[in-house]
Ligand code: 3NM
């Protein structure tokens, strides 16, 4: 198997839902099921924070969420944890700037796995591309309460800069994205939206995911 094609990657990034147990109002299983029913196109299991699950409980929840994804044809990405990604046979991994470079991760997990890298400026973006990232997560676009160590809010400037510089790698915007503030992220050149709280914390998760899905299909509406 070979690396994912860029156009396939762009399609997967359209509505990229991220969560772990700490982000959920309902159970993580019900949250993910509602989100997949609503039309998310990719999922990342990100179990972070003080009350994050560990050990066997982490593996068990990860396995359940992976099954929900498999049953609905959604690819399952693990945040940061190479061992967990391997143990769950995840479809890919998303890493930050302090983690191993994509090229070493690929050696460990397999050539065909999806590797996403967080990038906060052009230098980091270029490095991640050189290392073989399949996509970049660029943020925080707006203020977020879901990441303790989030960098300064950059609006859509980094995404615009990246596109102006001719970098065509698939890009997803992240950080504080809501139904109201999402359109400029797509207009700036992002291929999709990455969202935790606006979906996981929504009153009606399925309907909210459905509206986001509509928005990324018709960004100007
Ligand atoms: N990464 P919400 S911001 C996981 O800037 C994550 O790289 C970010 O959650 C980055 O949609 C963020 O609730 C949190 O704001 C996104």
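Using the three backbone atoms N, Cα and C, a Cβ is placed for every residue, glycine included.
Just so you know, TrEMBL annotations are computer predictions that nobody has curated.
Positions annotated as domain 'Thiamine phosphate synthase/TenI' by TrEMBL: 15-199.
A strand conformation is recorded for residue 45 (4-amino-2-methyl-5-(diphosphooxymethyl)pyrimidine binding site) in the three-state DSSP classification. Around the Cβ of residue 45 (4-amino-2-methyl-5-(diphosphooxymethyl)pyrimidine binding site), 26 further Cβ atoms fall within 10 Å across all displayed protein chains. Under the heading 4-amino-2-methyl-5-(diphosphooxymethyl)pyrimidine binding site, TrEMBL lists 44, 45, 46, 47, 48, 79, 118, 147.
Within 10 Å of the C-beta atom of residue 80 (Mg(2+) binding site) sit 17 other C-beta atoms, taking all shown protein chains into account. Look at TrEMBL and you will find 80, 99 tagged as Mg(2+) binding site.
Each residue contributes its Cα atom, and for residue 99 (Mg(2+) binding site) and residue 118 (4-amino-2-methyl-5-(diphosphooxymethyl)pyrimidine binding site) these two points are 10 Å apart. Of all residue pairs in the 4-amino-2-methyl-5-(diphosphooxymethyl)pyrimidine-binding list (44, 45, 46, 47, 48, 79, 118, 147), the one with the greatest Cα separation is 17 Å apart. The 6 Å Cβ screen around ligand 1 retains 118, 147 from the binding-site residues 44, 47, 80, 99, 118, 147, ordered by sequence position. Here residue 80 (Mg(2+) binding site) is positioned 10 angstrom away from residue 44 (4-amino-2-methyl-5-(diphosphooxymethyl)pyrimidine binding site), judged by their C-alpha atoms.
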